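Undergrad: Structure incoming, see below.
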2 protein chains.
Amino acid sequence: MSQEASQDFSLGKVQVASSPQERFDEYLQSKGKRTTQQRRALVECVFEEHDHFDADELLEMISRHAEGAGVSRATVYRTLDELVEAGLLRKMDLGGRAVYEHDYGYPQHDHLYCQLCRKLIEFRSEELMAIRDAVAAKHSFRVTGHRLIVSGVCEECSHKRHRRHSPLDLI
Amino acid sequence: MSQEASQDFSLGKVQVASSPQERFDEYLQSKGKRTTQQRRALVECVFEEHDHFDADELLEMISRHAEGAGVSRATVYRTLDELVEAGLLRKMDLGGRAVYEHDYGYPQHDHLYCQLCRKLIEFRSEELMAIRDAVAAKHSFRVTGHRLIVSGVCEECSHKRHRRHSPLDLI
DNA sequence: ATCGATGCAAACTGTTTGCATATTT
DNA sequence: AAATATGCAAACAGTTTGCATCGAT
């Protein structure tokens, strides 16, 4: 799952023109923003591995990752917003906290969400898109995206014994 | 849309045995909890009309609704949790805040979410359920429910000119 | 040198909780 | 009377923001 440097961005799915770093730089330039050490470090850290994470986890990762460079909580939040706006990350709301995942060069997909271990399992479905678009059309609704989360219990957890991670989960 | 008293709970879709009040009382009893004025008032208020609402809106509604009876914010939150656990309400997370809707006697459905006016439009799709279950089966995942939110712009809003309700919306 | 970015801490939003008091059974 | 519910205010978690300072252009 983990890969050393951010080099292969095809991630087995969609070919993209440039690395997340390059793409982010482009975005920053276009907005008159600057390429700083912390933004650079954050992008590197975020795209090192494809996974789901929240702001706190990224904050922790970055402090472990970049040897000397510490990035403040505020900057993490600010940069996450920028990465979303730049189209590099996708944001979703899960159980009250914001969770992020790669968007750039990554195909549309949905999730199975295990209520016990909080794991997210990705899946793709063409039919789903078709249904979505058909329904939208019926309502003259212009779709910009969708989010499907199927919640339940993953295979692993249904073997272990039932202990919740948190009492009342939003799905 | 609005109806005077809570009498017809078939709501045109699914027949249910008893009113939300009765159902809630049952739940409370089974848990050794008590039927209080504020719980009664809240249920009445919640089921007066089928709509989506958050805790603050309910708090406001209840203060307008029950003439003398004020219900505290804490009790609103506590009762909402109970209503969800009793199976009367469904909770979803939309843009950071919790939004509730009728569950009891109301069929499974999903939503189109207008990013401009924040309106939720309900729709039903059998195929969707089929896809959901097929995918889950493939992953040996035990489904307890799902949430699909298709976001975009509703018909009305695509006529008006583009002004967002909030800058960065979670979907 | 200029103007945007960062870090810090304080502010905020939505929600939860401890505790003394009020209510239901 | 016993035990649960309520209201209040304080505590919380996650996130945002004002401001002085730092750093990229």
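Here the Cβ of each residue, glycine as well, is placed from N, Cα and C on the backbone.
Because TrEMBL annotations are produced automatically, they should be read as predictions rather than curated entries.
Just so it is clear, the model here is predicted, and its values are computed rather than measured.
Taken from TrEMBL, the feature region 'Disordered' covers B:1-21. The Fe cation binding site feature in TrEMBL is assigned to B:ASP110, B:HIS146. According to TrEMBL, the feature Zn(2+) binding site maps to B:CYS114, B:CYS117, B:CYS154, B:CYS157.
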Undergrad: Listed in sequence order, which of the binding-site residues B:CYS117, B:HIS146, B:CYS154, B:CYS157 sit with a CB under 8 A of chain A?
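TA: Answer, by Cβ distance to chain A: B:HIS146, B:CYS154.
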Undergrad: DSSP secondary structure for B:CYS157 (Zn(2+) binding site), reduced to helix/strand/coil, please.
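TA: Looking at the DSSP assignment, B:CYS157 (Zn(2+) binding site) belongs to a helix.
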Undergrad: If you draw a 10 Å sphere around the Cβ of B:CYS117 (Zn(2+) binding site), how many other Cβ atoms fall inside it, taking every protein chain shown into account?
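TA: B:CYS117 (Zn(2+) binding site) is surrounded by 15 other Cβ atoms within 10 Å.
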Undergrad: At the level of the C-alpha atoms, what whole-angstrom distance separates B:CYS157 (Zn(2+) binding site) and B:ASP110 (Fe cation binding site)?
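TA: Answer for this pair: 20 Å between alpha carbons.
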Undergrad: Only counting partners 6 or more residues apart, tell me which same-chain residues put their Cβ under 8 Å from the Cβ of B:HIS146 (Fe cation binding site).
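TA: In sequence order, B:ARG132 meet the Cβ cut-off.
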Undergrad: Once B:CYS114, B:CYS117, B:CYS154, B:CYS157 are set aside, which residues in the chain still have Cβ within 8 Å of the Cβ centroid of the Zn(2+) site?
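TA: Not counting the recorded site residues, we get B:GLN115, B:LEU116, B:ARG118, B:LYS119, B:VAL153, B:GLU155, B:GLU156, B:SER158.
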Undergrad: Within 10 angstroms of the C-beta of B:CYS154 (Zn(2+) binding site), what count of other C-beta atoms is obtained when all protein chains are considered?
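TA: Result for B:CYS154 (Zn(2+) binding site): 23 neighbouring Cβ atoms inside 10 Å.
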Undergrad: Which residues does B:CYS114 (Zn(2+) binding site) neighbour through Cβ under 8 Å, counting only same-chain ones at least six apart?
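TA: Counting only residues 6 or more apart in sequence, the Cβ neighbours of B:CYS114 (Zn(2+) binding site) under 8 Å are B:LEU120, B:ILE121, B:SER151, B:GLY152, B:VAL153, B:CYS154, B:GLU156, B:CYS157.
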Undergrad: Could you state the whole-number distance in Å separating the C-alpha atoms of B:ASP110 (Fe cation binding site) and B:CYS117 (Zn(2+) binding site)?
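TA: So the alpha carbons of B:ASP110 (Fe cation binding site) and B:CYS117 (Zn(2+) binding site) sit roughly 18 Å from each other.
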